[in-house]
């Protein structure tokens, strides 16, 4: 609290920008620029992931097709774009971010939990990179908090819809893909 008072911290619409204004005054424009870079990088990574999931056989076969000329997974990318547009239509971008982060942290937690379980049940597997067990345990704890806190703080039907959508996808994945 040496740069901002607790009141300023709570009232600031963008804490990083206010912090940048105080600490990096002549270069304060750099903070929003880095936020843009970070957002663009995350969106880019998400697009690559969506495009390659089909190629890896984790989606229906048509999603695995790639362009002969450019080698891009066009059907998977278009599907990802269409689903994103459908998600944002009923509400604003903040709602989309809230429910996306809810689902994303649920998957981060489940992935880390799977790592912990496999560490003890599949000891014979060779692991090129062995993460210290405290890291996945910490990720599971943080993800449980980030998934449960919004439900406990302000329960909304949309969290149930999000969960039902994920379970519905699992019910379709098991018989048709797996």
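Sequential numbering from 1, following the chain as shown.
Quick reminder: no glycine exception, Cβ is built from N, Cα and C everywhere.
What you are looking at is a predicted structure, and each value in this text was computed from that prediction instead of being measured.
Per TrEMBL, these features apply:
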type     : residues : note
TRANSMEM : 29-50    : transmembrane segment
TRANSMEM : 71-90    : transmembrane segment
TRANSMEM : 102-121  : transmembrane segment
TRANSMEM : 133-152  : transmembrane segment
TRANSMEM : 158-177  : transmembrane segment
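For the transmembrane segment (29-50), the residues of the chain that approach it from at least six positions outside its boundaries are 14, 16-17, 19-20, 76-77, 79-80, judged by C-beta separation under 8 angstroms. The list of residues near the transmembrane segment (158-177) in space but at least 6 beyond its ends in sequence, with Cβ under 8 angstroms from a Cβ of it, reads 57-60, 95, 99, 102-103, 106, 150-151.
Same-chain residues lying 6 or more positions outside the transmembrane segment (102-121) and placing a CB less than 8 Å from one of its CB atoms are 131, 133, 136-137, 139-140, 142-144, 146-147, 150, 159, 162, 166. Counting same-chain residues at least six beyond the ends of the transmembrane segment (133-152), those with a Cβ under 8 angstroms from any Cβ of the stretch are 98, 101-102, 105-106, 108-109, 112-113, 115-116, 119, 159.
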